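Annotated features in TrEMBL:
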BINDING   His66, Asp104, His312, Glu316  divalent metal cation binding site
Amino acid sequence: MNLRELVSALNDFASPALAESWDNVGLLVEPSPPHTVNTLFLTNDLTEEVMEEAVQKKADLVLSYHPPIFAPLKRVTWKTWKERLVVRALENRIGIYSPHTAYDAIPHGVNNWLTKGLGTCTSVPLHPSTAPSSPAEGTHRVEFCADAEHLDAVLSKIKDIPEISCLTTLPVRVEGEEQTRVSLNCSQKALLEVVALLSQNSLLYHKTQILLLQKPLLPHTGMGRLCTLSEPLSLSDTVERIKGHLGLPHVRLALGAGRTLESPVKKVALCAGSGSSVLKGTEADLYLTGEMSHHDVLDAVANGISVILCEHSNTERGFLSELRDALTIHLQNKINIIVSEKDRDPLQVA
């Protein structure tokens, strides 16, 4: 596939608009066009060892779940390992694409895969995603009626205000008088200017309606998951299920206040990777994530919530095999898709 065609297909699989605002997702490194992709190489982290594997396996595009370029690069030299990744990629005509939190949010993504370690359960996003560009531009809609005497002057001033969109007029009859209904969309900043303008004419101001434009929630889409198990499990059995799902000999466990290994677990709040900010304040029997700050663990324990920590990328990496199968179908078997054998969590139990 042509690289740009493939990137478009990857964006259709998980829209970059679903990623968190702080994230760096999409095509990060692009060889000079035209660039054909025969082999797509999947990894959780793009380290130098993994890049060498991608070169040896003749990859044309690396899909790295974590973006290897996050903080801005001021130069591309051989001095630091992240700069060397870019050099090696371009020298070998390998593109780099990262989906990161877009894959966290989608219904068929990383967090959904993580829930499968709990057994039969229902789940909902902890922080639901909203439709990226719906229902319309702007944050508010303003509607008011004006008579012919004031209409032209008001419209002229409104058109001078930045961040106004969807301005429409419609003839209406109000209390037997011919008037014009004006409707517009605007940003929060522009709203202040519109209200200030209309307040100069008390008649217009009293006939003004302001509506908040709320974007609809996307079903089953968003950050984190709150899972309700079909049947309660003991905490010790839950730990064993998670270890089996992630293929780990050990996890770290903090017992909630008043809890034991035999305490029942019915509700589990989970977040792949680093879950402190996503899980914080959620009522559950158990928090499941890769890593949390020391003080957030203490807060959870004090509230009677047990915590399982598996190390950051251990809660994500197993998704790659499922992703390979899903992308094979999504891309209609047009390219070879392989999963890195060198990719691993940097932390081990010594």
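Backbone N, Cα and C define each Cβ position, glycine as well.
Curation plays no part in TrEMBL annotations; they are all automatic predictions.
Shown on the structure are the features that TrEMBL records.
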| residue | record | Cβ neighbours (10 Å) |
| --- | --- | --- |
| His66 | divalent metal cation binding site | 17 |
| Asp104 | divalent metal cation binding site | 30 |
| His312 | divalent metal cation binding site | 21 |
| Glu316 | divalent metal cation binding site | 25 |
8 Å Cβ shell about His66, Asp104, His312, Glu316 centroid, divalent metal cation site members excluded: Asn44, Tyr65, His100, Val110, Ala272, Gly273, Ser274, Gly290, Ser313, Thr315
